[in-house]
Each structure stands twice: as C-alpha cells, then as structure tokens.
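One structure is given here, and the rest of the page talks about it.
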Amino acid sequence: MAEGGRAEPEEQERGSSRPRPPSARDLQLALAELYEDEMKCKSSKPDRSTPATCRSPRTPPHRLYSGDHKYDGLHIVQPPTGKIVNELFKEAREHGAVPLNEATRSSREDKTKSFTGGGYRLGNSFYKRSEYIYGENQLQDVQVLLKLWRNGFSLDDGELRPYSDPTNAQFLESVKRGETPLELQRLVHGAQVNLDMEDHQDQEYIKPRLRFKAFSGEGQKLGSLTPEIVSTPSSPEEEDKSILNAAVLIDDSMPTTKIQIRLADGSRLVQRFNSTHRILDVRDFIVRSRPEFATTDFILVTSFPSKELTDETVTLQEADILNTVILQQLK
C-alpha cells in the first residue's frame, strides 16, 4: 500500500482479476443456451412411427366416474377407440377366434358383398349346450356380423352403438372372452350363434341403405299388409328383386305374434301373424314373398330344438312357435 491510501499498480491489477457476480442478463443467456441444447437433443432422436392400427390422430381418453360426484367413487379412464378395437381382436384371437376365410365367407353369404378387411369368427356360447348334434345343414347356425367402427359398433344392419355405453361395453367384454353375449342368446332363442367381426375403425359408421317396395294391391287394410324385411347387404341385381308382394291380413282384435323366417338362400323375413294363423299360412307367405320358391320343395323347422313342422294345419299357437325363429330347408 502506498502513501495516501492509494493501491500500488500491482495490487490494482490483482483486484481487477477477481470474477464479478453474474448479472441478470448473464442468467438469461445461459437459460436460453440450455433450452436450445435441449431442443436440439429432442430433435436428434428418431421419431417413433405410429402403430399401423392407429389410423386416426390420437384423441384424449374419455374419463368416467362411477360415483355421484367427479371426485367421488371409482375413476375410470376409457381408452381411445383404436385401442378398444385392437384389444378386442387380440383377446378374441387368444380365446380361440380364427381368421375367416374369404372363400368360405362368400360361399356362405351369397347376399353379402365381399369384404376385403380382416375378420374373425367366434365359437359357441358360454351357456351349457344341449346334447343335440346338428347335421351338416348350416342353416341351424345363426350368423351375426359385428362391425367395429371408429365411433361405435353395429350388429348386422342395425343402428350404431357407442363404445361409451356401459351395456355395449359389457357386450364387447363377452366377445373378448370368446363368449356369445347374452343379448344374442336371447335373440336366437337358444340356437347356435356364429359371430363374425369386421374391422372398420378407420371409418365412421355407415348406415346401410334399405330398399322397400310398398304393396300396390287393393283392399281393405285390417293390419300390417307388408312383411318387415331384415335385410343384409345385397348386390345390385338382388336389390332389384321384388320381395314385398305378399299380404297377410291381420285381425288386430285377436292376439298377434312376430315370426322370423330364415330362408335357404340366407335372407330373412319377419312378419306379423295372428296366433290363429296356420303353418300353411306361413308357407303361403314365403312363396308369395319369394316366388322363386313356388316350384321348390322345402320344409319348415324350428330353430332349437330342431323339429320339422309336418302338420301344416295346426295354428301357430298350437305349434308353440309364437315369437320364434323358424328355418326353411330345401329337400
């Protein structure tokens, strides 16, 4: 230290070499460089491709609550649609579902347009089955087509059923386990069900176009004059056919019933009858609805247990076939 308290030049030089505290600007620059390095690191990582099963942008999962309040009860996160469909196919395969051969499908479904996507068939129901063994006639089997869309699923040509509905979720859970859903068992009255699945998860639900031709005859209307057609997708040639030219006179003052008739060509007719109508009236209705069967020898049998309706003079009530499914079999 020199006189007057002034520092020697050597001491001033040492004092000026001390590090100064970082300023706010220095901190901002450091943070900016750190952020740029992190972004470069992320961009250098290879992008993982979206699985082939996810064909639409991923949507956030729906959140459901089983309690009365949002913060009360069990919290359930519903997976996106693609995950639902993929897991359904995966678990169905694990429970014995097999790919449906296109040749087999086309030979079995003459009235269905050929589908080029994947499909799986599930086996028998989880119920205890009867010891009755069906023969080779495949008409004993009831075919149901399950179409899985982006926004829900449909059965045959039915309406869209959202995945978020608890009843629909229970239906799909049964399919996942390789079981025939209870809903289908009740529908077919114990007949064997073959369930086919089609993957349409890259499409929104498409409502099938049904074509009806009204009855053009004359007469006094007592009830339903035209049959209800449960249609399957058909070719343009088949759509041009007239299948609604039969009339069944219904007495609404008497008990009525609905009979579903599965024809030998795979199509179905549903018609309302009085319980006093006879088996012969059902046969006559089939022939008048589908004239191509007028010269064909066929029989009518119940679906389950299989029994031929030999006495066609008995009433529907006496034959115990009210609100049931009967099958047409060619001789």
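Heads up, the Cβ atoms here are built off N, Cα and C, so glycines get one too.
In Swiss-Prot this protein carries:
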type     : residues : note
COMPBIAS : 1-16     : compositional bias 'Basic and acidic residues'
COMPBIAS : 37-48    : compositional bias 'Basic and acidic residues'
DOMAIN   : 141-206  : domain 'SEP'
DOMAIN   : 252-329  : domain 'UBX'
MOD_RES  : Ala2     : N-acetylalanine
MOD_RES  : Ser56    : phosphoserine
MOD_RES  : Thr59    : phosphothreonine
MOD_RES  : Ser66    : phosphoserine
MOD_RES  : Ser231   : phosphoserine
MOD_RES  : Ser234   : phosphoserine
MOD_RES  : Ser235   : phosphoserine
REGION   : 1-70     : region 'Disordered'
Reported mean pLDDT - the domain 'SEP' (141-206): 82
Within the domain 'UBX' (252-329), residues counted as helix, strand or coil by DSSP: 14 helix, 27 strand, 37 coil
Secondary structure composition of the domain 'SEP' (141-206) [DSSP: H/G/I, E/B, coil]: 18 helix, 23 strand, 25 coil
